[in-house]
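Lifted from TrEMBL, the feature list:
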type	residues	note
ACT_SITE	K115	active site, for sulfotransferase activity
BINDING	K115, C116, G117, T118, R119, R198, S206	3'-phosphoadenylyl sulfate binding site
DOMAIN	106-324	domain 'Sulfotransferase'
TRANSMEM	46-66	transmembrane segment
Amino acid sequence: MSPTKTEARRGCVRPPHFDILWLPRAALETDPSDCVVVVGVSRPRAALAVLAVLLLSLFLACHLIYDSALSGLRRGGQSHHSHQLPHRPVLVLPRRLYPTAARRLPQAIIMGVRKCGTRALLEMLYLHPMVQKAAGEVHFFDRDENYNKGLEWYRMQMPHSYPGQITIEKSPSYFVTPEVPERIRAMNSSIKLLLIVREPVTRAISDYTQLRANAVAASPSSLPPVAPNVAAQPPKSFEQLAVFPNGTINEVYRPLAISVYHNYLHRWLEAFPREQILIVNGDLLIEDPVSQVQKIENFLGLEPRIGTHNFYFNETKDSTASETRRQTGA
Ligand SMILES: *[C@@H]1O[C@H](CO)[C@@H](O)[C@H](O)[C@H]1NC(C)=O
Ligand SMILES: *[C@@H]1O[C@H](CO)[C@@H](O)[C@H](O)[C@H]1NC(C)=O
Ligand SMILES: *[C@@H]1O[C@H](CO)[C@@H](O)[C@H](O)[C@H]1NC(C)=O
């Protein structure tokens with residue numbers, strides 16, 4: 001570097017407190033050919049240190065938020081569990097502002113009965129903002145292969161919910177499976193149970209129709225029948241299956257047996273006090289859903305939120321259908 005160039009550089013305007021200089025050409029008083037726009041870092045070590053501090057504080061901030069959220073999740077559903085964490089972060093975000101969503105065991109179960117509108121009932125209750133529902137039928141208490149996986153597996157099948165929300169699961173076969181009442185009681189003896197029933201003959205015929213539809217769907221109609229004379233047999237009618245030729249009722253025919261509700265209900269009444277079981281009239285739920293759902297809100301201890309605005313009457317179909325739109329806001 002020649003001495004003239006060094007001299008010229010000294011003359012450049014250089015604010016002393018900034019590490020990074022973006023000097024426009026116009027800001028330079030002396031020889032513009034030497035002092036071109038300077039873009040760069042004049043003190044790379046200091047800049048590196050500042051960058052490192054920035055990254056470290058960003059990491060710490062993220063870590064604190066994550067930590068606080070994680071500890072909230074772990075404590076979710078155990079509000080009575082109030083001991084302090086041993087390594088409490090310095091900055092704790094107020095939990096009321098950031099409610100913690102977690103998977104929780106159901107506080108209410110729709111236990112049956114099959115073909116009585118259990119799905120419709122669950123969807124109607126889901127209109128309530130304080131209700132969360134399990135996606136499908138979980139079949140935890142009635143299937144040994146699921147029950148043997150344990151309560152933690154069951155909890156993982158539940159949706160995320162906020163504290164105060166009610167998680168509801170429905171599996172209609174719980175009602176008829178002998179082991180289920182005792183198993184549910186072992187999980188939570190104060191759980192609330194919903195049993196939806198319909199007029200027993202209506203239910204039996206609906207069950208028959210469903211079984212017959214399932215049989216048609218299951219039969220491989222695309223394949224050529226191996227024994228055409230067997231495959232050609234017409235399906236039996238409900239009357240043929242329900243009534244013997246001598247006129248007596250076939251009580252072991254499953255669609256009929258399930259409609260004899262008291263054969264199953266007595267087991268539930270042995271395991272739970274009557275006030276923990278709400279029996280919902282499924283026929284009334286179709287005719288007048290609002291009044292029925294309001295009874296259930298009351299039973300579950302929910303604020304009344306579901307009203308006529310949640311339903312519309314389809315005159316073409318001549319049945320009431322529920323909108324899937326949920327209430328928003330508080
Ligand atoms: C048991 O069920 C009741 C009624 O829904 C509920 O209030 C309670 O929190 C449940 N207990 C547990 C441990 O989930
Ligand atoms: C009617 O038929 C069924 C089946 O064949 C039989 O089990 C039942 O005992 C019969 N009832 C009478 C009264 O004969
Ligand atoms: C009402 O029911 C009819 C017959 O099932 C159906 O075609 C129609 O789409 C329904 N209307 C609405 C608004 O859902």
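Count begins at 1; order follows the chain as displayed.
Cβ coordinates come from backbone N, Cα and C, glycine included.
Ranking the binding-site residues T118, S206 by the number of CB atoms within 10 A of their own CB puts T118 at the top. The residues near the 3'-phosphoadenylyl sulfate site, meaning same-chain residues not in K115, C116, G117, T118, R119, R198, S206 whose C-beta sits within 8 angstroms of the mean position of the site's C-beta atoms, are V113, R114, A120, P172, I196, R203, G282, in sequence order. The predicted model assigns the domain 'Sulfotransferase' (106-324) a mean pLDDT of 91.
Listed in sequence order, the residues of the same chain lying 6 or more apart from R119 (3'-phosphoadenylyl sulfate binding site) and placing their CB within less than 8 Å of its CB are K170. Looking at the residues that bind 3'-phosphoadenylyl sulfate per the record, K115, C116, G117, T118, R119, R198, S206, the two CA atoms farthest apart are separated by 15 Å. Mapped onto three states, the DSSP output places R198 (3'-phosphoadenylyl sulfate binding site) in coil. For C116 (3'-phosphoadenylyl sulfate binding site), the count of additional Cβ atoms within 10 Å of its Cβ stands at 30 [all protein chains shown]. G117 (3'-phosphoadenylyl sulfate binding site) has a Cβ environment of 24 other Cβ atoms inside 10 Å. When other Cβ atoms within 10 Å of the Cβ of R198 (3'-phosphoadenylyl sulfate binding site) are tallied across all protein chains shown, the result is 21.
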